[in-house]
Amino acid sequence: MSQHLFLPLVMLAMCPTPGAFPDSGKVTELREDCGRPEPSARILGGSDAQPRSWPWQVSLHQGGGHVCGGSLIAPSWVLSAAHCFVTNGTLEPAAEWSVLLGMHSQDGPSDSAHLRAVAAILVPENYSSVELGADLALLRLASPARLGPAVRPVCLPRATHRFAPGTACWATGWGDVQEADPLPPPWVLQEVELRLLGEATCQCLYSRPGPFNLTFQLLPGMLCAGYPEGRRDTCQGDSGGPLVCEEGGRWFQAGITSFGFGCGRRNRPGVFTAVAPYETWIRDRVMGSEPGPAFPNQTQEPQLGPREPREENCTIALPECGKALQPGAWPWAVQVTVPGFRPCHGSLVSESWLLAPASCFLHSGTSDSGPSDLDAWRVLLPSQPHAERVARLVLHENASRDDAADLALLRLRAPVNLSAALRPVCLAHPEHYFLPGSRCRLARWGRAETAPGPSTQLEAELLSSWWCHCLYGRQGAPVPLAGDPPLVLCPAYREEEEAGRCWNNSGWTLVCREKGTWFLAGIRGFSGSCLRPRVFAPLQTHGPWISHVTRGAYLEDQLAWDWGPEGEITEPQTCPPHTEHGACGLRPEAAPTGVLWPWLAEIHVAGDRVCTGILVAPGWILAATHCILRPGSATVPYIEVYLGRAGASSVPQGHQVSRLVISIRLPRHLGLRPPLALLELSFRVEPSPSALPICLHPGGIPPGASCWVLGWKDPQDRVPVAAPVSILTPRLCHCLYQGILPPGTLCVLYAEGQDDRCEVTSAPPLLCQTEGGSWVLMGLAVRGSQELFAAISPEETWISQTVGEAHFLPPSGLPYWFPESGDLCPPDLAGASGFPGAAALFLLLLTPLIQGW
Ligand code: 4AZ
């Protein structure tokens, strides 16, 4: 039962002439006395039901605990919901269940409470799942219930019985009080008043897709009860229990609690199995039982209830959360000022409640009994000229111990009038998953040391947990399973104008957009370093606390969301090896933006040609000198570098990173022009799935590696292609290209039938994926060649000295080995260099014979 605090203070009309109830007796007497609770002084107005108010309510136990509700309809029969007993299409054995009657609190036995075994469970043949209807079940008790003031049957409606939309009825049960928030001890039976909704109204509400495009088709035999604004509802654990309506002094069971999208969500009223249509089904099954259930005639004409809106008009009662006219102009951004302190940034979460870090208030005269000076606190709301006052402060119980729970809720003295410029942010339910690729923004949170700058606009995209852990987590450590809910939210940022600013002077929230609606997804307090905030604590784990305190926060109104492939990961995954400078050579399987080669750079030289480059450290690109510097040119060209591109024309280029080159470094080479150049970028790039340094191989050929030449086929569209190749041993290479190769040249052989060659003027790189999973750079194409590459390993010292953070992996594999002379080559190959491909193939076929060379 959820939101039971909203129960109105009303006295139920009592039956006029309460008669003594027979413990056993004539069938007619019993039938007449269905649906009449003990007429003791029963006061409604709280969430806990009074004892004996709902004497037909039973608790169905399995494995020693309450699972579902039910209603006593005859001494030996209980009505409940089929879904309580059917698992994966199979009816559970009756012997596993027991029925507790005359219960008030699940805490301990009372005089009236007694237990019955279940002799049989009957479910309609056409029941398959709750959404498809027929969600009812009959339980035959092994022996009749002991009837008395706390145990009495309810009346059942005839098939012709009509319950008018708008009628106030009552649902009862021991179910959750919020989603994922079980009824607390002493587990007293809960009651909630629900209004019957007309079919069209209910369908209209459930047809409104909400953020996740989820709708539901109401079917005949279902009925809805609740409110468009939600808040009062049944919930998990109430299933099978009764929805009863009073008519002429008797309580008739109109519905059986069946399901709904979540609990208490707006536009998602509870769905019940309508009992009246099942009169025949019930009668047929209980036939012969004496006494059987009672189906009294309807004595009064159904009347239109007072609050039923026009059927086709189901305009939701509340304005929507999470809509912003433009990102950054957040209509929920609030500032709370406590005298003597800087303003604290928080978010409006309903008409009356704000969410902000508890740390803003922990040191401002707050005691357990609350702060002493709330009167002096002021709240500035967007587009409001006057400050508002605070009526109440509720600190999260773990606020001072756990950064992820650094939360406080503040109630305004008076609810605000919401508008397009002033509306709450949406809060996510615990099952809500912000999927990798979700678009997010940063927003200020808590007390800022400095005035907010334009970085409140910073855009980010959520990373998968694999990326998050391999990029930011402890490298090489096993990646934890995707949490449920995720343990962290991990954004990769888009480029910002003010690179290099320091981020440690403020806390931040991550607001993420789903279908045009912004959710407050994560929070992050002050960080100790200047780096942009990396990991956020997901806020949805606190959904139940926020709902519990506010009872009216604007939670999203949809439940199910497929977690997608990441949710199905069952085996821990391992990050590829890393270097002392962190992650390198990680490659996403399928990045949301389509960027698959995060180290591949387009180098635009002097505006007229494009070379391939490879990111080797956050501020450095390695490229082929011959492509960057044309012979004869004396000046250093103007060079721009782009990372995170998936082709010149591909849209969107969301995570493209661009930098200017501020210096070109060449190693000292006696006489010869060195093949490799290092380009220093104007400022560093943040590691992300679209810009991540590659690892560098320190020499030899990595054992068990798969290698590719990476580049683009067409220099105009520049869609990356990777041609699979084998790297020949230096001796084979030498034999094929006798005498013409500078030391340190790598030769490759393209896979047979491989036509996707990279065009050579851009000097494509040769790279391999090692057995450990990291991608390593081996070399860059020699001018004009598809098969020959200048290895990077001979330049390890120069590269490491120039770029302190270059990621050289530890040495492994076959050592480099330069032949002193060509005499060791088989004679047949000496003249084969004109056909290196064919000759190399021949050599490879001979490999077992020549491995000892
Ligand atoms: C359940 O899971 C359940 N708000 C019961 C009722 C509702 C939702 C879920 C309706 O048993």
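Every residue, even glycine, has its Cβ placed from backbone N, Cα and C.
Pulled from TrEMBL:
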SIGNAL    1-20  signal peptide
DOMAIN    43-287  domain 'Peptidase S1'
ACT_SITE  HIS83  active site, charge relay system
ACT_SITE  ASP135  active site, charge relay system
ACT_SITE  SER239  active site, charge relay system
REGION    287-311  region 'Disordered'
DOMAIN    322-551  domain 'Peptidase S1'
DOMAIN    597-804  domain 'Peptidase S1'
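Annotated features, which come from TrEMBL, shown on the structure.
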{"residue": "HIS83", "record": "active site, charge relay system", "Cβ neighbours (10 Å)": "22"}
{"residue": "ASP135", "record": "active site, charge relay system", "Cβ neighbours (10 Å)": "29"}
{"residue": "SER239", "record": "active site, charge relay system", "Cβ neighbours (10 Å)": "25"}
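Among the active-site residues HIS83, ASP135, SER239, the residues whose Cβ lies under 6 Å from any atom of ligand 1 are, in sequence order, SER239. In the three-state DSSP scheme, HIS83 (active site, charge relay system) falls into the helix class. In this structure the C-alpha atoms belonging to HIS83 (active site, charge relay system) and ASP135 (active site, charge relay system) are separated by 6 Å. The two recorded residues ASP135 (active site, charge relay system) and SER239 (active site, charge relay system) have their Cα atoms spaced 10 Å from each other.
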